[in-house]
Amino acid sequence: MEEETLKLPLPDAFVDFLDANGLDPSIYSQTDSTPRYIRLKPGCESALEEIEADMECKLEKVDWLPGFYSIPPTVHIANSRSYREGKIYGIDAASGAAVSALNISAGDRVLDLCAAPGAKLCLILDLLGELGSVTGVDVARHRLAACRTMLQKYELGDHCRLFVADGTTFSLTPIRDHPDSKSCDSALGEKVERFKEWTSRRTWKERKKAARDRENAAMNPGEPELIFYGRRAGVVGLSKDELYHTVCDSEILSCGYDKVLVDAECTHDGSIKHIQKFEHWGWKTLQRRVLDAERTDNLTVLQLKLLSNGFRLLKAGGFLVYSTCSLTIAQNEDVVEQFLKENASAELLEIEAAKSWPCRSGWIPKTLRFDPVTSQTSGLFVAKFKKLEN
Ligand SMILES: C[S@@+](CC[C@H](N)C(=O)[O-])C[C@H]1O[C@@H](n2cnc3c(N)ncnc32)[C@H](O)[C@@H]1O
């Protein structure tokens, strides 16, 4: 096994990182044979043969995850016509499992707190269908802009709104109907500006206003910046005050989100494809940007804050999935343990569907770990919680 590990171009810094975190490098030994995964856009199942011809490979159904197919690791998805035409998505099966753990059902109001670039967000929207809504949040504007492009490409944005915001402090609950708004203007008879249908083609006046909003957002870094909303995301017709209306924590128990996904920022060590990108960018960059001990300490603080805030925004009886593509205990089980200590209303749940998934238990019972050797997927940690009704 050791010999096989050596064949991989794993930089010393990464091997040291694995060692310091008690991770066995042999889980990366089969990386070259780990398949890629795609998911068919719902409705494109009948085009399977056409997609296979286009991709010049057989699509093997993933029997444990509906809608997912594996393809050989050498096939490049982005070059295919099927991908350009929005018939397939590139998404690892372990990522699909994290979303599947949420048990999305029609009508759910979902929060995706670290949404960009949006692979999981698109899956949530596909599962949601015509009812419910999704709020996507990410702190990185350029990454969330890429997510918006993805929603447009797959024509998925109708029920979605996207905010550039810090997920550790984001406080907006799902949009409720405001029976006393929309029809009437302010009590003083002033004309209140209301959100019109979102369009990427904007007039000069609207572009100027958007630039002003961005400047304001830069001056008020705590304020979420809305960069996209679909026709049926509940935003059209609201005033800014209504959109940015926040409620106290006790009210969130009744009007919070039904489901929350916290796919937290991490060191990405479970995704060897991500690590291998640094072969081109330079291993020093990997050490500085990803593995630096001080940075990883800060990351675990960030992860706990994201998880705690995501949980705060959940209604009583709602469900949250926490996932990372790191396999270190510090970013996963330790975060979960600390979170459970601090949140008496959080219950760690067994993930029912996982009985048929090719993964291992995490170091805390009920948590899950996917890795290339056990699962033939990228590495991923998944934990699911329920917010208890007090
Ligand atoms: C693992 S990626 C999310 C991948 C995404 N869920 C998907 O399926 O495509 C983590 C994301 O967290 C975002 N992030 C980092 N710090 C954040 C914060 N304080 N608030 C919100 N998002 C944050 C990063 O910009 C990054 O896009």
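In case you wondered, yes, glycine gets a Cβ from its N, Cα and C as well.
In TrEMBL, annotation is done automatically, which means it is predicted and not curated.
As the structure is a computational prediction, the values presented were derived from the model and not from experiment.
Per TrEMBL, the feature domain 'SAM-dependent MTase RsmB/NOP-type' maps to 1-388.
Of all the Cβ atoms in the protein chains shown, 18 others lie within 10 Å of the Cβ of Asp166 (S-adenosyl-L-methionine binding site). Per TrEMBL, S-adenosyl-L-methionine binding site is recorded for Asp138, Asp166, Asp263.
The feature active site, nucleophile is assigned by TrEMBL to Cys325. In the three-state DSSP reading, Cys325 (active site, nucleophile) counts as coil. Taking the Cβ of Cys325 (active site, nucleophile) as reference, residues of its chain lying under 8 Å away and at least six apart in sequence are, in sequence order, Ala94, Cys266, His268, Asp269, Gly270, Ser271, His274, Ser378, Gly379, Leu380, Phe381.
Counting every protein chain shown, 27 other Cβ atoms lie within 10 Å of the Cβ of Asp138 (S-adenosyl-L-methionine binding site). Binding-site extent for S-adenosyl-L-methionine: residues Asp138, Asp166, Asp263, maximum pairwise Cα distance 14 Å (rounded to the nearest whole number).
Excluding Asp138, Asp166, Asp263, which define the S-adenosyl-L-methionine site, the same chain contributes Leu113, Cys114, Ala115, Ala116, Val137, Val139, Ala140, Ala165, Gly167, Ala264, Glu265, Leu306 within 8 Å (Cβ to the Cβ centroid), listed in sequence order.
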